[in-house]
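Per TrEMBL, the features are as follows:
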type: DOMAIN; residues: 19-424; note: domain 'Major facilitator superfamily (MFS) profile'
type: TRANSMEM; residues: 17-37; note: transmembrane segment
type: TRANSMEM; residues: 57-77; note: transmembrane segment
type: TRANSMEM; residues: 84-101; note: transmembrane segment
type: TRANSMEM; residues: 107-128; note: transmembrane segment
type: TRANSMEM; residues: 149-168; note: transmembrane segment
type: TRANSMEM; residues: 180-204; note: transmembrane segment
type: TRANSMEM; residues: 242-260; note: transmembrane segment
type: TRANSMEM; residues: 280-299; note: transmembrane segment
type: TRANSMEM; residues: 311-327; note: transmembrane segment
type: TRANSMEM; residues: 333-351; note: transmembrane segment
type: TRANSMEM; residues: 372-388; note: transmembrane segment
type: TRANSMEM; residues: 400-419; note: transmembrane segment
Amino acid sequence: GAAGAAAAEVRLSRRRWAVVLLFSSYSLCNAFQWIQYGSINNIFVRFYGVSTFAIDWLSMSYMITYIPLLFPVAWLLDKRGLRPIALVGSALNSLGAWVKLGSLKPHLFPITVLGQVICSLAQVFILGMPSRIASVWFSSHEVSTACSIAVFGNQLGIALGFLVPPVLVPNVEDEEKLAYHISIMFFMTAGVATALFILVVIVFREKPLHPPSRAQALIQSRPPEEYSYVQSILHLLRSTNFMLLMVTYGLNTGCFYSLSTLLNRMVIHHYPGEEVNAGRIGLTIVLSGMVGALISGIWLDRTKTYKQTTLVVYIMSLVGMVVYTFTLSLGHLWVVFVTAGMLGFFMTGYLPLGFEFAAELTYPESEGTSSGLLNVSAQIFGIAFTISQGQIMDHFGTKAGNLFLCSFLFLGTIMTAFIKADLRRQQANLESE
């Protein structure tokens, strides 16, 4: 294997940027469909005549579907490669968007649930891809930046999911007008999703002709019979450092999922009639987080300080959450925008950090498996936090609900401090060079 890796020509493909940007785009579309109900929760509650909890479940369906399907899809990613997974993910995303167009009457809520479940299936084929695409297509000096760009699309989709629905679907009383506005949003989403699926068919390739790094050459030179998917998972679960990262990633990202799902309810509670601004606050959280993600990716490629950067970002996520908690009820929307932006910069900026740190700790195991396990942790905590915070808000108010999240971010910060920076992928590149 080492001899084969030494003989392999390491060269970068021009197509790598097209691949990562295309993935980022259909991931964006899928993330938009995740939050498009939650960002105008009160409007869909009235249109379909269901409870706020029922609309919350449309967002949580993404989390629930992911947990049992992660391992089969991660196995397929290892056995079949990137292209088949990309095709299935983008196809399901498009199908789910078209199914939702059949739910434009108040009594057709089950149809919109079906469409959302199909989109949640697509997400299983999307979330574990960023670090795998980065490793397969990009050099060791670009890999963290590429992973950040891949995650960037998902975050931009959430940002648009906060911004666009309140603009396209105003809170009008007339049922037919409301159905018309919802249909515009659904048609636009379905059109974009279909166009992206066609582009995936044409553009997306399995891997470049030549490995982009020595670490990737070592993996590609390994005989297939040496690799066992079950053994790979067992190796990950035996790693203390990875298990600590898995829990801390779940705590941070679970808090983000809960905050995103319940944001509309929080803002409307303190600022009645401000649906559009609630969406803009969500947009601010995610846009600032996208900047944080890109900066952290570039910083990692330059410094390789995975442990230190992850810990600093985690501490600042906790500080941001505390500040947001105590300023939400002050009565000044501009203050909420500022504190939400600070929170988003660090909390959302943490996402690619977790993927890349996991890839370093677990090399040469599959990046799809390690990032998949991180995402399972995030979905489990996301469901638990969304339900718990929603109930706490109903009984004790928004401040108590946000303090609930603060306590878990504090726990995650302490646990992050105990992770050792065992950077195996960097070591493999250095030894090969």
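Glycine is no exception: its Cβ is also placed from the backbone N, Cα and C atoms.
All annotation found in TrEMBL is predicted automatically rather than curated by experts.
Counting Cβ pairs closer than 8 Å and at least 6 residues apart in sequence, the transmembrane segment (84-101) and the transmembrane segment (400-419) reach fewer than three and form no contact. Regional average pLDDT for the domain 'Major facilitator superfamily (MFS) profile' (19-424) in the model is 86. Non-local neighbours of the transmembrane segment (333-351) in the same chain are 151, 155, 249, 252-253, 255-256, 259, 267, 271, 274, 277, 280-282, 284-293, 295-296, 310, 313-314, 316-317, 319-321, 323-324, 327; each lies 6+ residues outside the stretch with a CB under 8 Å from one of its CB atoms. Counting C-beta pairs under 8 angstroms (sequence separation of 6 or more), the transmembrane segment (17-37) reaches the transmembrane segment (180-204) with 3 or more such pairs.
For the transmembrane segment (149-168), the neighbouring stretch richest in Cβ pairs under 8 Å, chosen from 180-204, 242-260, 280-299, 372-388, is 280-299.
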